[in-house]
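Asker: What follows is a structure written as structure tokens; I'll ask about it next.
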């Protein structure tokens, strides 16, 4: 459509990021149509039709300098972003515009960020395991290829570091394409991630879409959809794509801000009344079809460490595996601080992961659960009051707890110890030896921050 044919309207009200625009009554824009401010790059997205030709829009960019009477043009279509191979190796904003100063993105294809979820008969569930090289995840909450994974945790327990390690272990080994959506996170982390990818020579396989903390709520609300649209295009071309989102909570938070600005009545804890619908629309699109797969890893901030908060609670139901990071475990110095009793996966089924893996996972969890039950008795009466069986359970549980820790590649610069990738077979063998009692003679310090069980034996020799 040529610019001359675009219907024009005038701004009639500005309240923060919400702009009301009046159009001729017979040519009101549709919901989700993109409007462009005349003589500027600023885009507005229609959210509500108020009647009498007035539409309420959300501003995708700073609303500084806007005033009543300015001319706005209706593009008569939703926000569309470039998709396909030209997006790889580039950093883009919510509108798909490059922000890495490396020239324009020459893409033949564009795609609307608002798409319908694939039809039920197009879906293709998978039970194939995706090895991560992180012991606690591979053992307790294994990932499925084409599945959805959530990393849940409060502030500062290691969500982003865990996600970076997963990207390091999976994206580098994967060989396919990845899309990273930075939703309302720190700009520094986005910058670090870009350089991390560049240094490891996988930048040409990753598309980066950022709507960071300092950006208006409209950008943070839509940037997850922009990244997802790019991932969907690769999937529909028959590829297996990895989709990383950091952080889904900020998507919800941006929705809360926008909802309040639009004048909707808040629901529980101040969240938007449409929380479940917005989350569902996003999550139902992150799925694998008969053409290709999207394997997604999403970091989910947990406000005040409360997993029953409406935002994380709404996210739980959409996931195949949940990795719960615990402040109590982090305070013991055990990293990754994954809670082996809270974390779950739908893959934990003997028909999927095999009888051996299943039984060892359950035995490890039973041992840790027993230790948890005995902790109060130990605190009051001491270890001496326990029965010999319970003493043995506690000793093994403490070894398991330490063996679940692991040095990360992405944390080498902070810790000084080289990162370890542990194959699934080695993980199962190591934990089998501990629960079978083959390591009862080793000191528990030998299991802390090692890779395989053989390294624990080596470390024990040095300690003794």
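Along the chain as shown, residues are numbered 1 onward.
Backbone N, Cα and C define each Cβ position, glycine as well.
Keep in mind that what you see is a predicted model, and the values were worked out from it rather than measured.
Below are the features I grabbed from Swiss-Prot:
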| type | residues | note |
| --- | --- | --- |
| BINDING | 153, 154, 155, 156, 157, 158, 159, 160 | ATP binding site |
Asker: Among the binding-site residues 153, 154, 156, 158, which residue has its Cβ surrounded by the fewest other Cβ atoms within 10 Å?
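Answerer: Lowest Cβ count within 10 Å among the binding-site residues (153, 154, 156, 158) is 156.
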Asker: Among all the protein chains here, how many other CB atoms are within 10 A of the CB of residue 160 (ATP binding site)?
Answerer: 19
Asker: How would DSSP class residue 153 (ATP binding site) in three states?
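Answerer: Assignment for residue 153 (ATP binding site) reads strand.
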Asker: To test your reading of the ATP site: which residues beyond 153, 154, 155, 156, 157, 158, 159, 160, same chain only, put their Cβ within 8 Å of the Cβ centroid of those residues?
Answerer: 301, 325, 330
Asker: Looking at Cβ-Cβ distances, which residues of the chain lie under 8 angstroms from residue 159 (ATP binding site) while being 6 or more apart from it?
Answerer: 151, 152, 153, 246, 247, 299, 300, 301, 325
Asker: Would you please pick out, from the binding-site residues 155, 157, the one with the fewest other Cβ atoms within 10 Å of its Cβ?
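Answerer: Minimum Cβ neighbour count within 10 Å, taken over the binding-site residues 155, 157, occurs at 155.
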